[in-house]
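> The structure under discussion is supplied below as structure tokens; questions concerning it will follow.
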Amino acid sequence: MSKLKLHGFNNLTKSLSFCIYDICYAKTADDRDGYIAYIDEQYNANRLTEILSETCSIIGANILNIARQDYDPQGASVTILVSEEPVDPRDVDTSEHPGPLPSAVVAHLDKSHICVHTYPESHPEAGLCTFRADIEVSTCGVISPLKALNYLIHQLESDIVTMDYRVRGFTRDINGVKHFIDHKINSIQNFMSDDMKSLYHMMDVNVYQENIFHTKMMLKDFDLKHYLFNAKPEELSAEEKEQITRLLYKEMQEIYYGRNVPEV
């Protein structure tokens, strides 16, 4: 897409929101409480602030304000307001490719925000526990928040990720013509690195005419030892391992597809 000569500021709003899920099996009520306490501490407001602040540093944004809160009994929220440094729109790369990791600081944001909320929870009886982090990066201007995607997924490695990217509003060129998007995109996947894509099953549901893009990700490899809390596979019988594996797989399928799967 050729560079547009705009009349005034770029008024497009670009929002990337995604949920990351960590799934775990904790056999007893005490184990489930222990997992919730553990994951709540791992992703407390201070840790989330560090992650989001590093994100701002990577994409070259100025932090204007930070609001953070840990909740009782669990959960945390962090919101960071940011603004961009001066940037020449002609120097902005809007092509589809993975965004930067900490070693590559290349992007800038404008009058924007980054926020995260966490939601630990557990099944009342089945031993299943899930942790969800809900993250949104919203920008106004020439830069796409998709540049932050690759780093955040690397930082918050998860079993399942669901992402939505949307461009809202319009901007006007010097001839008065409205433009409802200012860059080419056919999939969020084009902004992820190859090594990341190789780890996940991925599926797109896009509404191109509305500038709405949706991608789901679920880990390909399943190793039971990574999903047990306070337990090891060798401590379980073959029957227990099969039952737990079935429970975890069903849980992950339901989250990935966004619907309950009936018992067979």
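Using the three backbone atoms N, Cα and C, a Cβ is placed for every residue, glycine included.
According to Swiss-Prot, the protein has these features:
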ACT_SITE  SER112  active site, schiff-base intermediate with substrate
MOD_RES   SER112  pyruvic acid (Ser)
ACT_SITE  HIS117  active site, proton acceptor
ACT_SITE  CYS140  active site, proton donor
> Do you know offhand how many angstrom separate the residue listed as 'active site, proton donor' and the residue listed as 'active site, schiff-base intermediate with substrate' by C-alpha?
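Cα of the residue listed as 'active site, proton donor' to Cα of the residue listed as 'active site, schiff-base intermediate with substrate' measures 6 Å after rounding.
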> Across all the protein chains here, work out how many other Cβ atoms are within 10 Å of the Cβ of CYS140 (active site, proton donor).
21
> What number of additional C-beta atoms lies within 10 angstroms of the C-beta atom of the residue listed as 'active site, proton acceptor'?
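Here the count is 18.
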> Near SER112 (active site, schiff-base intermediate with substrate), how many other Cβ atoms are within 10 Å of its Cβ?
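I get 25 for this one.
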